[in-house]
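Listed in TrEMBL for this protein:
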BINDING   A11, S12, G13, K14, S15, T16  ATP binding site
Amino acid sequence: MKIIGILGGIASGKSTVAELFRQRGAVVANADQMGHQLLKDEAAKQEIRESFGSEIFAEDGEVDRRRLAARVFGGDDLSHKRLAELEKITHPRIKTSLQAKIDSALNDPNGAPPALIMDAALLVKAGWSDICDYLVFIDTPYPDRLKYATQRGWGEAEFNAREAVQEKLEEKRALSDYIIRNDGDLTQLDAQVEQYWRDRVLFPTT
Ligand SMILES: CC(C)(COP(=O)(O)OP(=O)(O)OC[C@H]1O[C@@H](n2cnc3c(N)ncnc32)[C@H](O)[C@@H]1O)[C@@H](O)C(=O)NCCC(=O)NCCS
Ligand SMILES: Nc1ncnc2c1ncn2[C@@H]1O[C@H](COP(=O)(O)OP(=O)(O)OP(=O)(O)O)[C@@H](O)[C@H]1O
């Protein structure tokens, strides 16, 4: 089983590409979803309450992600400190979940899948890229990314604030061993995933 990490900027199409790999038989580990799940864990909630106070909890006792996001993606020094504090609580738990997903795929009684796709925006920043055998960079023009992010309700300020606390795109590109260009339609994206799947996953020449 090859472990393939997907790199790219915000709204570059990482999850879309991961889904196209899933349709071909890969297992997908989605770190954003794992991050959402762990916010429901009582021990994690307690640590978050101690660091961020009760104000970021909704009336139902769950973390209000919008309020927490407003605390950590403010762009100033205090927000950076708070983000580091949040990552100290969340990242070790996300790593445990990623590892569990890998172990479960490897031990699938029907046989391990040909590939496991790591869909994790912070693959490099969090040090999880070391788990990957290969890194694929999704190269998507800024205006397209902004358009896709806007369509899901983010303003340009929110987009830029989050991107500013991620690894630089050039760094991610330089670390990758393959580039998928996402500057066309979904059919063109699918064709590139198909080529990668055939040439690098199912029938690699090296
Ligand atoms: C702050 C939180 C509550 C905001 O939740 P929200 O639903 O608005 O965003 P969601 O989790 O779906 O993330 C969407 C995108 O935001 C960006 N983002 C999320 N966390 C971070 C971070 N720590 N640093 C930089 N960008 C981030 C990523 O591009 C991610 O794909 C949440 O993102 C969080 O708990 N983050 C810390 C855990 C983490 O690092 N998760 C990302 C794993 S890849
Ligand atoms: N080539 C494309 N044509 C049309 N829509 C696209 C294309 N690529 C991506 N999208 C759309 O852009 C949006 C963002 O894509 P996606 O969620 O896959 O990005 P992401 O990189 O995983 O985002 P995030 O940074 O939040 O993790 C989705 O709604 C997706 O359908």
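Every residue, even glycine, has its Cβ placed from backbone N, Cα and C.
Contacts of T16 (ATP binding site) defined by a Cβ separation under 8 A and a same-chain sequence distance of 6+ are given as L186, L189, in order along the sequence. In the three-state DSSP scheme, G13 (ATP binding site) falls into the coil class. Cβ atoms within 8 Å of the centroid of the Cβ atoms of A11, S12, G13, K14, S15, T16 (the ATP site) belong to the same-chain residues I6, G8, V17, I138, T140, Y148, N182, site residues excluded. Around A11 (ATP binding site), the same-chain residues at least 6 positions away in sequence with a Cβ under 8 Å from its Cβ are T140, R145, L146, Y148, A149, R152, W154, F159. Under a cutoff of 8 A between CB atoms, and with a sequence separation of 6+ in the same chain, the neighbours of K14 (ATP binding site) are I6, L7, G8, D119, A121, I138. The Cβ neighbour count for S15 (ATP binding site), using a 10 Å radius and every protein chain shown, is 19.
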